[in-house]
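See structure below.
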Amino acid sequence: MPTVSLAHELKPYKSLSNEELYERIATIKRELGDRLLILGHHYQQDEVVELADLRGDSYQLSQLAADSDDCRVIAFCGVHFMAETADILANRPEKLAERSGERVNVILPDMAAGCSMADMAAIEQIEDAWDELGEVIDTDDITPVTYINSAASLKAFVGRHGGIVCTSSNAKAALEWAFARRSRVMFFPDQHLGRNTSLGMDITNDQMPVWDPFASELGGNTEEALKQSKVILWKGHCSVHQMFRPEHVEMFREKHPGIKILVHPECPQDVFELADEYGSTGKIIQTVKNAPAGSKWAIGTELHLVNRLKQQHPEQEIHFLSPVVCMCATMYRIDLAHLAWSLENYRDGTPTNLIEVDDETAKWSLVALQRMLEVK
Ligand code: 13P
Ligand code: SF4
């Protein structure tokens, strides 16, 4: 009788020490060699970052997944939309043809690692909003732009409707791309990234109505406001970045003369406008790296990244721009236990937590993602 291998249960891994888990993951890395690629987002815990082969912001991680040649499995230490994006890009038709049809498996070590912002826009809500908008304005003249922090179904919607995906590092270029084609934009799901970027392009707040998917009609807007709009923003936000407040900026400036405020563009407008510098997580890291010794920073982004910057740059004075702890609880779900468990299951022929976007969604998402990769 053929033997059937049983999947490893997660529970026993939770009682192993970090040293033991680290050793097990290191062993799999040696065994699988170039066939395994561990990608890690900058918000991951230090012990996970240490084991990642490559690290980046959302744009860089998409590029790494798109360019991966030798690997056959990507363990994505990040959140669900990132793993979906990696699956779409690593398994696009030209890559599949190069590998004679062999797929790259994408593993998300904990399936509960989602993104609360991405969850604020469901595809049914986007489709309903689009149809309702069509009763007031010409949707053929709107370019839909989705932040990469969204489900693949939204990226596919955008691809089908002549739109583009953007990340925090190319949002301005993506909006320029969008306006070169049509006179209006619908931007989802992060109202703050959409607003902060548009304000830098001479678009004013009264040209940016916010669409509330729970409002009874027209997203809570008047027909007039929608007709005058340049950018229709979605009522979504990041629960981590909305914790930073203007009073935190004022407090740091008062207590630490000469300090510079460096924030992620997912922060609300009132904080963003007070900041000295802003950028994606990759840009934040680069900005600190390039600063002279003795520089003082208060940084408004996820806690794990700010703490790592503090450790890596003792020659600078780095503070977290909030008196309260704001960390991304879903990114934090990826720990060594989940990583070891999912990798051992993969190695032992009982793969688990595979992220595979269906062909139709992948096809249209790819259209919008390729535009994103071309626009910087
Ligand atoms: P970036 O790493 O692209 O700046 O994005 C930050 C973020 O919130 C990811 O969800
Ligand atoms: Fe989503 Fe915010 Fe976490 Fe990024 S930091 S994954 S936007 S909840």
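Every residue number used here counts from 1 along the chain in the order it is shown.
Placement of Cβ uses the backbone N, Cα and C atoms for every residue, glycine included.
Not measured: the values here are computed from a predicted model.
Marked as iminosuccinate binding site by TrEMBL: His41, Ser58, Tyr147, Ile148, Asn149, Ser168, His264, Pro265, Glu266, Thr281. In the three-state DSSP classification, Glu266 (iminosuccinate binding site) falls within coil. Its Cβ placed at the centre, Glu266 (iminosuccinate binding site) has 27 other Cβ atoms within 10 Å.
Annotated [4Fe-4S] cluster binding site per TrEMBL: Cys115, Cys238, Cys328, in sequence order. Cys115 ([4Fe-4S] cluster binding site) falls within neither a helix nor a strand when secondary structure is assigned with DSSP, and so counts as coil.
For the recorded [4Fe-4S] cluster site, residues Cys115, Cys238, Cys328 set the reference point as the centre of their Cβ atoms, and the other residues of that chain within 8 Å of it by Cβ are Val79, Ser116, Met117, Ala118, Asn149, Ser239, Val240, His241, Glu266, Glu302, Thr330, Met331. When other Cβ atoms within 10 Å of the Cβ of Cys238 ([4Fe-4S] cluster binding site) are tallied across all protein chains shown, the result is 26.
Taking a Cβ distance under 6 Å to any atom of ligand 1 as the criterion, the binding-site residues Tyr147, Asn149, Cys328 reduce to Asn149. On a Cα basis, Cys238 ([4Fe-4S] cluster binding site) lies 10 Å away from Asn149 (iminosuccinate binding site).
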